[in-house]
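K.L.:
Below are the features I grabbed from TrEMBL:
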ACT_SITE  E106  active site, nucleophile
ACT_SITE  E110  active site, proton donor
DOMAIN    2-220  domain 'GH16'
CARBOHYD  N114  N-linked glycosylation site
SIGNAL    1-29  signal peptide
Amino acid sequence: MDTLSSLSNALGMLLITFLMVETFMVASAGNFNKDVDITWGDSRGKILNNGQLLTLSLDKASGSGFQSRNEYLYGKFDMQLKLVPGNSAGTVTAYYLKSQGSSWDEIDFEFLGNLSGDPYVVHTNVYTKGKGGREQQFYLWFDPTADFHTYSILWNPGHVIFYVDGRPIREFKNLESVGIPYPKNQPMRMYCSLWNADDWATRGGLVKTDWSQAPFTASFRNFTANACVLSNGVSSCSSNASSNNAWFSQELDSSSQKVLKWVQKNYMVYNYCKDAKRFPEGLPVECTVRNRKQIKI
């Protein structure tokens with residue numbers, strides 16, 4: 001734990017160098033009664049505290065989930081989560097953006113449970129036109145079950161960036177110029193769910209869910225969407241969205257790039273871009289053109 005503590009302290013010092021103030025044109029903050037619908041799980045999903053808290057539960061019969069009422073086409077999305085405590089092996093808590101149809105786009109945070117005392121795995125993925133396979137996984141530098149922490153997705157025309165407590169952990173750039181699809185045309189909703197995936201979630205499915213520990217519960221609060229809301233095909237953002245929304249053209253500066261590299265060096269546990277056995281005919285194109293210029297916003 002001393003090593004983790006020192007790593008966390010060092011990361012905190014790096015974070016100070018890139019904190020910034022952003023101005024947003026379109027924002028919605030935090031009342032689940034107004035912002036979301038519980039879509040499955042019967043009474044296992046509960047909105048509490050006058051809309052300020054939402055809990056999802058999982059038992060042997062079913063998990064549960066909810067989705068945003070709005071659809072979005074670009075934005076900065078923040079959610080505070082407190083994950084399933086104790087023996088959470090086999091469970092997955094998901095927080096993601098997804099469009100509809102068979103050729104969908106999707107931006108995923110999935111939190112893979114583990115045995116008591118073992119770390120959660122943060123599983124990230126980006127789907128474009130129905131194709132994923134871009135997994136990167138991380139450990140966290142804190143106990144995500146002890147308190148709420150903020151998990152964020154920045155999605156703009158040039159970048160998808162994943163953040164944990166304001167620290168970037170992953171970046172997916174728009175590299176359409178070299179033939180890599182990018183999520184840009186399909187509006188997405190925000191979804192969250194808690195479900196059983198003990199066929200793969202913990203140690204590749206070796207550790208199964210202990211149903212004697214059920215019900216498993218994850219908690220959510222402070223959902224904020226600084227975003228372009230799509231309604232009847234019309235965006236709430238004007239044509240000059242870039243000048244009115246800092247997030248619309250936001251990218252990682254040199255200081256935040258250092259934090260990203262530091263996190264990936266110390267906490268990344270899987271990167272598809274380094275899995276040569278999985279791709280014997282060559283790594284995906286985006287893994288080999290990282291230093292090329294992405295699309296200009």
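Each Cβ is built from the backbone N, Cα and C atoms, and glycine gets one as well.
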K.L.:
Return the count of C-beta atoms lying within 10 angstroms of the C-beta of N114 (N-linked glycosylation site), excluding that atom itself.
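P.N.:
For N114 (N-linked glycosylation site), the count of other Cβ atoms within 10 Å is 20.
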K.L.:
I'm trying to understand the geometry here, so how far is the Cα atom of the residue listed as 'active site, nucleophile' from the Cα atom of N114 (N-linked glycosylation site), in Å to the nearest whole number?
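P.N.:
Cα to Cα, the residue listed as 'active site, nucleophile' and N114 (N-linked glycosylation site) are separated by 25 Å.
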K.L.:
What is the total of other Cβ atoms whose distance to the Cβ of E106 (active site, nucleophile) is within 10 Å?
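P.N.:
Total other Cβ atoms inside 10 Å, all chains included: 19.
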K.L.:
With an 8 Å cut-off on Cβ-Cβ distance and a minimum sequence separation of at least 6, pull the same-chain contacts of E110 (active site, proton donor), or say none.
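P.N.:
Long-range Cβ contacts: V92, T93, A94, Y95, Y96, V122, H123, T124, N125.
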K.L.:
Where does the mean pLDDT land for the domain 'GH16' (2-220)?
P.N.:
89
